[in-house]
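What follows is a short report on a single structure.
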Amino acid sequence: MQSKELLDDGKRQMRLCNACRYCEGYCAVWQSIEWRRDFTDNDMTYLANLCHDCRDCYHACPFTTPHEFGINPPKLFAQLREDTYRKYASPRIFAKVLGEKRSGFWITFFFGIILMVALILGTNGTSGLLEAKVGTGAFYKSMSEAVMIIAFLALGIWMVGGWLTGMSRFWKDIKSAKSEKIIGKDIVKGTKYALSLRYLGGEGAGCNYPTDEPSTIRRKFHHLVSYGFMLDLASTALGAFYAHILHIPAPYPVYHPVVLLGILGGIGIIIGTIGLLVLKAKSDPEISDEKAAKSGTSFIVALLVVAVTGMILLLARETAAMGILLAIHLGSVAALFFTAPYTKFAHFVYRYLALIRYAQEERIAHQPVEVKVGKQPVKTGTTVAGKH
Amino acid sequence: MKGDLIMETDVLVVGGGNAALAAALSARDQGVKVLVIERAPKFYRGGNSRLTRDYRVMNTRENKYMTGMYPEEEFLEDLRRVAGGEINEPIARLVVRKSEELPDWLNKQGIQWQPALSGTLHLGRTNIFQLGGGKAVMNSYYQTAKAKGVDVWYDSKLEDIEMSGTKFKAAKVRRNNRIETIKAKAIIFAAGGFEANIEWHKRYWGDAAENFIIRGTPYNQGNVLEMLLNKGASQIGEPDAFHAVAVDGRAPKFDGGIVTRLDSVPFGIVVNKNGERFYDEGEDFWPKRYAIWGGLIARQPDQVAYSIIDSQTLGKFMPSVFEPVSAGTIEELAEKLGLNPTVVAKAVEDFNNAVRPGTFNPGELDDCKTEGLKPVKSHWAVRIDKPPFYAYPLKAGITFTYLSVEVNEQARIKWKDGSLCDNMFAAGEMAAGNVLRRGYLAGFGLTMGAVLGRIAGEEAANAIQRATR
Ligand code: HEM
Ligand code: SF4
Ligand code: SF4
């Protein structure tokens with residue numbers, strides 16, 4: 001569907017949902033629509049990034065196809081999110097080439113490996129690539145420390161810079177039209193919602209993913225992946241601290257905190273990503289957007305490749321294969337970083353902002369304006385509610 | 001048509017909504033075999049229950065889903081009030097008392113309640129709201145049924161039953177274009193009313209019935225109800241009465257559910273096809289009045305009406321699915337609606353001239369009213385003079401019917417001669433007339449369905465166990 005058509009159909013669906021409101025207990029989306037009467041394009045983008053794709057509403061909805069109303073919020077929002085990932089990234093052409101297709105990551109990965117091999121050969125020649133190395137600073141006997149730092153600093157800046165660009169553009173679109181201020185409380189609350197993935201849990205019993213039976217398994221796998229990733233980040237940061245501040249160069253023994261964090265994180269990512277892939281395969285295609293499913297898979301696979309190559313490197317670091325394995329692992333990390341602003345990896349940026357915006361809306365909406373009339377709660381100034 | 005397959009079970013449940021599943025699960029919990037036959041395909045399972053929102057329950061303890069106490073006597077008083085005093089006291093009291101168990105019992109069947117969300121309208125003292133609404137409830141019911149080993153057949157329509165004397169023996173069921181015979185030791189009927197049967201409405205309304213919108217499932221044709229009445233079951237509930245509300249005239253013919261409702265009426269005037277007003281739009285709060293508007297519109301020419309408001313009041317009511325028709329002048333608006341522009345303009349002008357000054361407040365029965373106008377508009381009367389002007393077409397949306405089979409406190413069907421069936425029970429909409437012959441109390445239909453359904457399930461299982469002991 002074309003973007004305009006998609007947005008128009010989305011607005012139609014939201015107007016219908018707003019007249020229904022049966023789903024109001026499920027997630028932030030349904031609260032948000034009650035604070036609106038009309039929906040702008042930006043509202044739709046915001047709602048799409050609030051939706052956690054738990055699918056509760058779809059299964060609860062009596063108006064999904066074959067009903068003529070054809071309501072399908074999770075699919076609608078998945079499609080709109082795909083547009084978000086393209087629209088707010090820059091340059092857009094990168095977003096199209098790198099983000100849309102699974103091949104984007106693989107091609108970058110290939111070039112990443114070549115680049116790493118070149119860097120190794122360039123700094124330490126063929127011995128860096130092909131000979132076994134042991135003892136302190138073994139990795140740097142493959143690739144020189146300075147080169148490694150410069151390469152990954154540059155990639156890191158590229159990645160974070162890309163996210164920040166998307167972040168500021170996205171925020172401009174979804175922030176309060178009345179320019180209400182974000183306060184510390186909103187950020188704390190939004191952060192809580194994000195870290196706990198509150199809306200991927202359903203209320204109590206869990207969400208209707210992958211099938212219509214309530215389950216919390218998807219949230220668990222996601223936690224393994226995202227916290228696994230954070231452990232790996234922590235491991236890297238700690239490694240840098242040891243290497244460059246304490247001047248104790250890698251590799252570290254297996255019981256060393258840097259390695260332990262790395263192993264834990266890696267295992268989390270491997271179990272979590274495989275879990276997510278299995279769930280995805282089981283989920284109902286009627287409720288998924290094909291493009292979104294593919295770009296999601298591509299991101300999952302990228303994480304899996306990074307984690308698996310990292311673990312293999314750890315196991316084989318004292319063998320002659322180390323140089324090549326290092327090139328492969330670093331190549332995958334480079335590809336992940338390079339494509340990060342354009343792939344589904346950016347989801348956390350937009351989702352996080354959407355949740356902060358939601359926390360703000362929630363705070364403002366709950367400032368006391370409610371009066372009770374008879375037995376019907378009435379929202380002053382906006383609607384007079386009646387239930388039939 | 002071929003084949004005459006025979007299948008046996010202990011309890012056969014006819015219907016697939018709230019009452020049917022409450023009955024099936026309760027019977028199954030007593031250890032008997034249960035088969036549910038649902039006329040609709042799986043997607044539409046659950047009849048009108050899939051479009052519901054809340055149960056009305058007696059409440060004498062603090063809980064996080066309701067805002068206060070709702071004692072037995074108040075509940076009963078509410079029932080008497082809406083029914084004009086005429087309720088079946090023993091059954092009503094039984095349903096009210098047992099309603100207090102429902103939140104817990106339903107929760108055990110996997111049904112979840114919507115916690116208090118500040119700012120939302122769906123939280124009450126008298127009613128408990130389902131998380132996700134009726135279809136989510138039905139999903140939970142069916143998941144639990146599957147887990148407990150209840151058999152369910154979809155697309156299965158009851159054609160006839162075989163009896164020996166007044167005892168049920170077997171059912172003829174059409175499934176996959178074959179008639180199958182199901183032998184069972186007891187049968188529970190919970191197959192809804194006849195609200196989707198236009199031909200049946202025509203018996204009372206003539207051709208006007210063609211213009212009715214059916215808010216619920218198209219599958220409630222009343223065939224099971226009619227079969228039972230033909231076989232001599234005692235009839236109860238007003239035969240020609242239905243619960244009907246004003247819905248948007250552009251709603252789908254069937255199954256539009258809640259979203260076709262329209263709350264604009266108190267904020268403007270309503271004219272019929274001839275451009276004339278016909279009833280006080282501001283008589284009382286809309287939640288107390290919307291249910292009479294279905295009947296009012298059903299009595300207008302061509303069963304249509306038009307709610308006309310202006311830009312001052314557009315944002316004052318719940319948003320609706322369909323965009324209003326809009327125009328810069330009343331004449332233009334009337335033309336777009338296919339009404340006579342001069343007549344409608346005159347109606348609006350007469351109304352505007354009759355409006356007396358007051359303080360507009362949708363939150364109370366305010367002092368904005370008309371003087372010297374017939375019919376009067378007694379509250380929220382403000383001049384319709386700020387363009388653009390808006391209009392919504394209105395039709396009568398039929399929600400449910402009252403005609404039922406008579407049952408006793410064990411949900412056993414009564415025959416016309418006053419005797420009771422041993423092994424035939426009824427619950428749900430098919431038995432709702434046993435308490436409310438007319439009138440409407442939000443959430444009571446589901447409550448009565450679940451309570452009587454549970455009783456029917458337990459009694460059916462007990463009857464079987466007594467017989468085999
Ligand atoms: C602000 C923090 C985060 C939030 C709120 C969040 C939220 C979500 C949600 C709601 C989904 C499911 C819906 C969808 O596919 O879009 C999801 C999927 C996913 N997330 Fe996150 N996430 C966050 C951070 C992360 C991080 C740090 C990682 C790992 C580096 C991660 C990895 C994934 C993966 C692999 C998927 C599965 C993609 C798929 O199934 O297509 N997330 N996330
Ligand atoms: S998804 Fe369906 S049930 Fe939920 S609010 Fe929208 S229309 Fe209502
Ligand atoms: S799929 Fe889940 S998270 Fe998304 S809108 Fe529906 S209920 Fe909310």
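Placed from the backbone N, Cα and C atoms, the Cβ positions cover glycine too.
Taken from TrEMBL, the feature transmembrane segment applies to A:105-126 (among others).
The feature transmembrane segment is assigned by TrEMBL to A:146-166 (among others).
Annotation source TrEMBL lists transmembrane segment at A:224-246 (among others).
According to TrEMBL, the feature transmembrane segment maps to A:258-279 (among others).
Taken from TrEMBL, the feature transmembrane segment covers A:299-316 (among others). For the transmembrane segment (A:299-316), same-chain residues at least 6 beyond its ends with a Cβ under 8 Å from one of its own Cβ atoms are 102, 105, 109, 225, 228-229, 232, 259, 262-263, 265-267, 269-270, 273-274, 276-277, 280, 322, 325-326, 328-329, 332-333, 335-336, 339, 343-345.
Beyond the transmembrane segment (A:322-342), the same-chain residues lying 6 or more positions past its ends with a Cβ under 8 Å from any Cβ of the stretch are 85, 89, 94-95, 98-99, 104-105, 108-117, 120, 128-133, 138-139, 142-143, 148, 151-152, 155-156, 158-159, 161-163, 165-166, 302-303, 305-306, 309-310, 312-313, 316. Among the features that TrEMBL reports, transmembrane segment is placed at A:322-342 (among others).
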Task: Please give the sequence-distant neighbours of the transmembrane segment (A:146-166): residues at least 6 beyond its ends with Cβ less than 8 Å from one of its Cβ atoms.
output: 88-90, 115, 119, 122-123, 139-140, 244, 330, 333-334, 337-338, 340-342, 346, 349-350
- prompt: Do any residues of this chain, six or more beyond the ends of the transmembrane segment (A:224-246), have a C-beta under 8 angstroms from a C-beta of it, and if so which?
  reply: 145, 149, 252, 257-259, 261-262, 264-269, 271-273, 275-276, 300, 303, 307, 310, 348
